[in-house]
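Down below is the structure, laid out as structure tokens.
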Amino acid sequence: MLVFNSLFKIKKNTNPDVNIDIDGINLANVPQHIAIIMDGNGRWAKAQGKVRTFGHQAGAETLKTIVKIADKIGVKVISAYAFSTENWKRPVTEVSFIMELLSRYLTSEIEEFNRNNVQVRFMGSREGLPEVIKQKMDHAVEATKNNTGIILNLAINYGGQAEILQAIQRIAADTEKGLLKVEDIQAETFENYLYTAGLPAPDLLIRPGGDNRISNFMLWQIAYAEIWTTDAYWPAFTPEMFLQAIKEYQGRERRFGGLVTK
Ligand code: IPE
Ligand code: IPE
Ligand code: MG
């Protein structure tokens, strides 16, 4: 726990020219945007003889901890995959539980978000979501919109393919209306039609739960993200693992298709 304790004593590095190493983390090279596929909740619960839903509850706690630490070290955005467009395939009891958990979370955490200066955003389709969830999502966005700290971008009813399709449909509609010309449809324009408009692309993608796949998460945006996976289930994901992921990220050479000249 040494790493964890010392983190809370540090002052956030606000000067990008200064390289400070805290327990091996270079605060001048922290990923700006970290995407997290919060997987393994059900298996974690099952391993302890509990029902799957117990794991979802525990997973929500992990997220709170990780967001706080991310903010302390200067991460600007966390995009967290909470419910996918494919997760509707699960038994209705599990889906309902997740929706209720979300509903409770969105009420109970607003004060905490404001205390910690966290700005909440959402990405995903609103279609099919219960009315109460949509209202609470709107309220969470409104209540935290002036916060200037970390952005918590929650992916709810999110699918990367669906996101790209809705962007194409809206682009086609705007082109039909004469608001866009075909030659204007460049990468930058396209990105403005994604849920992540205005946000930098993730630098690091973390997937706990032991699977090495993307599961339809941020397909466009993760083009050059560094990927870090662990067998640990999300409810058992620790601050130390999070810092380890960042350390390993910092040791990697990102080439973006080019060559690194040393
Ligand atoms: C991730 O955990 C949360 C959601 C997909 C809602 P899972 O529920 O997928 O847990 P596992 O992967 O079955 O253990
Ligand atoms: C990805 O996990 C979705 C979320 C974490 C919300 P899944 O459990 O749905 O992914 P697969 O089915 O293992 O690919
Ligand atoms: Mg899973």
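Placed from the backbone N, Cα and C atoms, the Cβ positions cover glycine too.
Feature annotations, reproduced from TrEMBL:
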- ASP39, GLU226: Mg(2+) binding site (BINDING)
- ASP39: active site (ACT_SITE)
- 40-44, ARG52, HIS56, 84-86, TRP88, ARG90, ARG207, 213-215: substrate binding site (BINDING)
- ASN87: active site, proton acceptor (ACT_SITE)
Original post:
Between TRP44 (substrate binding site) and GLU226 (Mg(2+) binding site), what is the CA-CA distance rounded to a whole number of Å?
Top reply: 25
**OP:** Go through the binding-site residues ASP39, GLY42, HIS56 and pull out the ones with a Cβ less than 6 angstroms from some atom of ligand 2.
**Re:** ASP39
Original post:
Can you list which of the binding-site residues ASP39, THR85, ARG207, GLU226 have their Cβ under 6 Å from some atom of ligand 3?
Top reply: ASP39
Subject >> Cα-Cα distance linking ASP39 (Mg(2+) binding site) and THR85 (substrate binding site), given in Å to the nearest integer >> reply: 15
**OP:** Identify which of the following binding-site residues, namely THR85, TRP88, ARG207, ILE214, GLU226, place a Cβ less than 6 Å away from any atom of ligand 1, and list them by sequence position.
**Re:** none
**OP:** Would you find the one among the recorded positions THR85, ASN87 whose Cβ has the most company, meaning other Cβ atoms within 10 Å?
**Re:** THR85
Subject >> ARG207 (substrate binding site) versus GLU226 (Mg(2+) binding site) - Cα distance in angstrom >> reply: 11
Original post:
How many whole Å apart are the CA atoms of GLY42 (substrate binding site) and the residue listed as 'active site, proton acceptor'?
Top reply: 13
